[in-house]
Amino acid sequence: MSLQVVSAVSNSSLLQPGFSLLNFDGHVFFFGQKGWPKRSCPTGVFLLDIKQNELRLKPAFFSKDSCYLPPLRYPALCTLRGKAESDEYQYMIHGGKTPNNDLSDKIYIMSLVSKSSKKTTFQCIEKDLCGNVPEARYGHTINVVHSRGKSMSVIFGGRSYTPLTQRTTEKWNSVVDCLPFVFLVDLEFGCCTSYMLPELQDGLAFHVSVARNDTIYILGGHSLQNNTRSPSLYKLKIDLPLGSPSVTCTILPGGISVSSAIVTQTADTTFVLVGGYQSNDQKRLVCNTIVLEDNKIEIVERESPDWTPDIKHCRIWFGCDMGKGSVLLGIPGANKQLISDANYFYILRCKEAEEDKEEEPTAQICSQTSTEDPGDSTPFEDSEEFCFSAEANSFDVDDTDTYNEDDEEDESETGYWITCSASCNIDINTWVPFYSTELNKPAMILCSSGTGHWVHAQCMDLSERMLLHLSQANVKYFCNEHVDLNKGLQTPKKVMNLKKQPMKPLRKKKTMKLTTPVKKSFLRRLFE
C-alpha cells in the first residue's frame with residue numbers, strides 16, 4: 001500500500017466531509033460540494049482531474065431532459081448495471097443532505113451521455129416511488145442484489161431528524177437513528193416494501209455494506225441511542241421468486257467495531273477496508289482485507305500504509321473510494337492557513353503495480369461516513385465522513401481547471417478575452433460569470449457593422465432577456481459604437497401615430513315650421 005500527496009490547485013474548499021465520487025469510463029467525478037452550486041457550475045458535478053500530483057476540478061453538464069439534482073452530502077449511492085452483455089452502467093443516488101440541511105428521500109439515476117476532452121454531459125432522472133417509501137435520511141447504504149433473473153435495490157440504516165410530533169424547542173433539529181427496516185425498491189415500477197427482521201434491533205449509520213449476487217454483508221456502523229459501534233457482522237439474503245420477496249438475516253462472527261470506514265475493491269472477490277473510527281476520540285489506522293467466496297466472508301488484518309505524522313495526529317479525516325483499489329483521503333488543514341476551509345489530500349493505493357489490471361467487478365460496495373458538521377452530534381460521528389462508491393482510477397483527460405483557461409489557449413485566440421470596445425472591462429484574471437448561461441467564458445454577440453466583429457454582451461449592457469432573444473431571433477445587432485450608423489437596422493421602424501378625428505356632434509332633429517302659405521295649402525289638401 002502506497003500513500004501519495006496531492007496538491008489541490010483550485011477550489012479545494014468544495015471538497016468537504018460528505019462528498020461522493022462517481023466513476024464513468026475510467027474518469028472520476030466529484031459530487032456533493034459544500035454550499036449551493038454557482039453559475040460557473042450549476043450542476044454541482046465536477047470532473048476530478050489528477051495529473052502530476054495536482055488536483056483540479058472541471059465542471060460537467062446535464063442534458064436538457066435532466067431533472068434538477070441538488071448538491072447532496074452523505075447520500076447512499078451504488079452502480080446500476082444494464083444488460084449483462086453491455087458495459088454501460090449508471091449510478092443510483094438516494095437521500096443525503098442539502099446545503100440547507102434538508103434531507104432528501106428521492107432516488108436519482110445518473111448516466112453518461114457524452115464525454116470529450118472539453119465537455120462531459122450527464123443525464124439525471126428522478127425515479128417516482130410508491131408504497132412504503134423510505135423516509136428522508138443520510139449516512140445509510142444502498143445496494144443492488146440479483147436473484148432468479150431479477151434485480152432489486154436494498155436500502156438500510158442511516159439517520160434522520162426527530163419526527164415533528166416528538167420535537168422540542170431545545171432539540172428541534174436533533175437527529176436520531178432510523179428504524180432498522182430493510183427496504184426493497186423495484187426500480188422498474190418504483191414500488192417500495194419494508195421488512196423488520198428480529199436480528200436487527202438497533203439502527204445503524206455510517207456502516208459498510210458489500211453485495212454479491214443475492215447477499216449483502218453489513219459491517220460496523222454507529223448507533224446514536226447506545227453510542228456504540230456494532231461489532232456484529234450481518235448477512236442479508238434476498239430471494240426474489242415469482243411471488244413476494246423473501247428477506248432473511250444471519251449474525252456472523254468476526255465483525256469489526258468501526259464506523260465511517262471506506263471499502264475499495266482490489267480484485268473480483270477481494271476488498272480492502274480503510275479508515276474510520278473505533279471510538280469517539282480515536283481513528284482506526286488498521287487496514288483489513290475482505291474476501292467473499294460463495295456464501296461466506298473472510299476478514300483478515302493486512303499491512304497498513306506508512307501514515308504521515310499529519311494523518312496520525314489529526315482529529316478527523318474523510319475521503320472516498322476512487323475504485324480499483326484507490327482511495328482519496330482528506331484531512332483538515334492547519335488553522336494558521338490563510339484559507340480556513342483548506343484541506344490536505346492524499347491518494348492511497350491498495351493494489352500493487354503488477355496487480356493493477358482491468359477486471360470486471362462482480363460485487364458492489366457502499367461505504368458511509370459521518371454526515372453532520374462538528375457539534376451536531378457526537379464528537380466524531382458528525383465531523384469525519386466518507387461517502388463513497390466508484391470504480392476506477394484512470395485520469396487520461398487533458399489538464400483542465402474549473403474556472404481557469406490555462407488549458408484552452410486556442411479559445412483565447414478566438415477573441416473571448418479581447419478588448420471589444422473602448423468601454424470594455426473584461427479581464428481574464430478578474431472576470432466572473434454575469435449571465436446564468438455563462439460558465440467559464442464571457443458571452444459574446446456579433447456586431448453586423450461592416451465585416452462584423454464580436455463584442456461582449458456585458459460590455460454592451462444587454463439584459464439577459466435581450467441576449468437570449470438576440471441569440472434565438474434572426475435579426476442583426478449593432479454594438480453601441482455603431483448603433484448610430486445603422487439606426488434603421490438597430491431599432492424598429494417608428495410607427496406613425498394616426499390622428500384621431502374629432503367626433504361630430506349629433507345633429508338636432510329639425511321641426512317643420514308652417515310659415516308659408518304654400519305649405520299650409522298643401523297640408524289642407526292632404527287631410528281633406
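Placed from the backbone N, Cα and C atoms, the Cβ positions cover glycine too.
Annotation comment: TrEMBL describes Cys420, Cys424, Cys447, His453, His456, Cys459, Cys479, His482 as Zn(2+) binding site. The Cβ of Cys447 (Zn(2+) binding site) has His453, Trp454, Val455, Tyr477, Phe478, Cys479, His482 as same-chain neighbours under 8 Å, each 6 or more residues away in sequence.
Positions annotated as compositional bias 'Acidic residues' by TrEMBL: 373-382.
Positions annotated as domain 'Recombination activating protein 2 PHD' by TrEMBL: 415-492. Within the domain 'Recombination activating protein 2 PHD' (415-492), the DSSP-based counts of helix, strand and coil residues read 13 helix, 8 strand, 57 coil.
The feature region 'Disordered' is assigned by TrEMBL to 358-382.
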CB contacts for Cys424 (Zn(2+) binding site) [other CB atoms within 10 A, all chains]: 15
Least buried by Cβ count (within 10 Å) of the binding-site residues His453, His456: His453
Residues close to Zn(2+) site centre defined by Cys420, Cys424, Cys447, His453, His456, Cys459, Cys479, His482, Cβ within 8 Å: Ser421, Ile445, Trp454, Val455, Met460, Asn480, Glu481
Cβ neighbours of Cys479 (Zn(2+) binding site) where a neighbour is any other Cβ within 10 Å: 21
Cβ-Cβ neighbours of Cys459 (Zn(2+) binding site) (radius 10 Å): 19
Overall pLDDT of the domain 'Recombination activating protein 2 PHD' (415-492), taken as the mean: 77
